[in-house]
């Protein structure tokens with residue numbers, strides 16, 4: 001990313017981003033979104049059903065990735081506050097070099113290779129991928145408060161970013177459906193029954209899908225770097241005695257990372273963001289398992305149902321800006337929660353959904369899109385004008401969500417009832433209740449977090465008087481005390 005345009009003259013209203021600049025920013029996370037779609041939706045399914053690794057082994061590998069991501073995130077957030085562009089470039093290279101190996105057979109492994117050795121082989125690739133993913137995500141998110149000039153523009157950038165997230169998921173699920181379809185239809189009924197279920201014959205499908213993801217994502221990353229220019233913050237200077245003094249109200253205290261830790265609003269928004277990500281990530285992780293084992297649907301449904309979810313999410317993302325403007329952030333988030341809780345109740349009450357699985361997918365897709373876009377907008381509201389430490393805020397929140405997601409997945413995998421088989425009768429109901437807990441249970445926790453925001457709206461309260469003053473504050477201090485109020 002190149003340098004930004006010259007700063008506007010003092011007192012001039014800031015110019016809004018052009019359409020090309022908004023679209024260039026929106027595609028900057030496209031590679032991450034493509035990889036995340038495969039990671040959350042297909043990693044457990046690939047390791048458990050295709051590679052035949054144990055449930056705990058598959059969960060341990062996902063936990064390793066989430067913990068590595070979580071540990072890297074605060075460090076990346078600190079660095080991104082100083083050089084977001086460099087973090088995005090470094091992260092992109094790491095993702096491109098590591099991700100294809102995760103969905104490819106273990107090199108040098110054979111039938112006699114123990115599972116722990118195979119998982120040890122995948123470990124370094126998972127860690128490098130998650131570091132790169134975190135670097136790109138945090139640096140990209142931290143640009144929202146810096147590029148946007150108004151609250152509504154923040155929502156628009158967030159909605160556009162999520163719209164391309166949905167496009168990425170649609171692309172992955174559409175490509176997965178096409179690759180599964182191109183395997184061909186067997187001639188006999190017995191062979192058709194076998195190929196309708198996932199197995200070792202599908203290794204090539206996932207390998208080709210990962211290579212396709214990397215190729216398409218690299219193109220969009222290039223477009224982002226060519227079209228997005230990071231705004232250059234004017235350096236803080238001591239005021240010159242001949243320069244006109246600004247009104248004290250325009251001076252802004254410098255909010256450091258340690259001050260965020262003393263802000264109640266930081267924890268309010270952080271808990272809401274973590275709950276949101278748990279709902280979105282866990283539902284995405286286990287929807288394929290629910291469709292395959294609980295509903296016993298053919299394997300093409302692991303592409304078509306998530307595809308329908310994200311198409312509905314894509315459509316609803318365009319309504320985020322007018323809805324937020326009309327009813328506000330909190331009520332918009334609550335509307336999304338209602339859709340998710342309705343989905344959870346539907347799954348809990350119905351053993352077999354039948355064709356209603358399509359309607360349930362629409363509910364889940366719309367609800368997840370709504371709460372994710374709104375929670376990101378709330379985070380941008382929390383950061384406000386303090387863009388110099390915005391990446392730390394995103395990094396800290398992402399750390400909590402990654403670690404919580406990894407621990408939740410490991411806990412679920414440890415409770416898996418079938419220890420010797422890929423699937424048994426007990427696991428048919430298991431994944432059904434996993435979906436109920438991931439959406440309804442976490443949804444109730446998110447509702448409690450939202451209630452705290454109704455009672456205590458997002459506002460920096462406790463630290464303003466303790467913040468380190470900027471050089472402009474120091475230069476104005478004596479003048480402020482000696483001048484009469486206007």
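Glycine too: its Cβ is placed from the backbone N, Cα and C atoms.
Bear in mind that TrEMBL entries carry predicted annotations, made automatically and left uncurated.
Record features (TrEMBL):
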TRANSMEM  23-45  transmembrane segment
TRANSMEM  90-113  transmembrane segment
TRANSMEM  119-139  transmembrane segment
TRANSMEM  159-180  transmembrane segment
TRANSMEM  205-224  transmembrane segment
TRANSMEM  265-289  transmembrane segment
TRANSMEM  301-319  transmembrane segment
TRANSMEM  331-349  transmembrane segment
TRANSMEM  355-379  transmembrane segment
TRANSMEM  433-458  transmembrane segment
Check: Thinking of Cβ pairs under 8 Å, which stretch from 205-224, 265-289, 355-379 has the most of them with the transmembrane segment (331-349)?
Finding: 355-379
Check: Excluding the flanking five residues on each side, which residues at least 6 beyond the ends of the transmembrane segment (205-224) place their CB within less than 8 Å of a CB in that stretch?
Finding: 24-25, 27-28, 30-32, 34-35, 38, 42, 46, 50, 88, 92, 95-96, 99-100, 102-105, 171-172, 175-176, 179-180, 183
Next item on the list: Please check if the transmembrane segment (433-458) comes into contact with the transmembrane segment (90-113), where contact means 3 or more CB pairs closer than 8 Å and the residues in each pair are separated by 6 or more positions.
Entry: no
Next item on the list: May I ask which of the stretches 90-113, 265-289, 301-319, 355-379 has the most CB pairs under 8 A with the transmembrane segment (159-180)?
Entry: 301-319
Next item on the list: Determine whether the transmembrane segment (355-379) and the transmembrane segment (90-113) share at least three Cβ pairs under 8 Å, counting only pairs 6 or more apart in sequence.
Entry: no
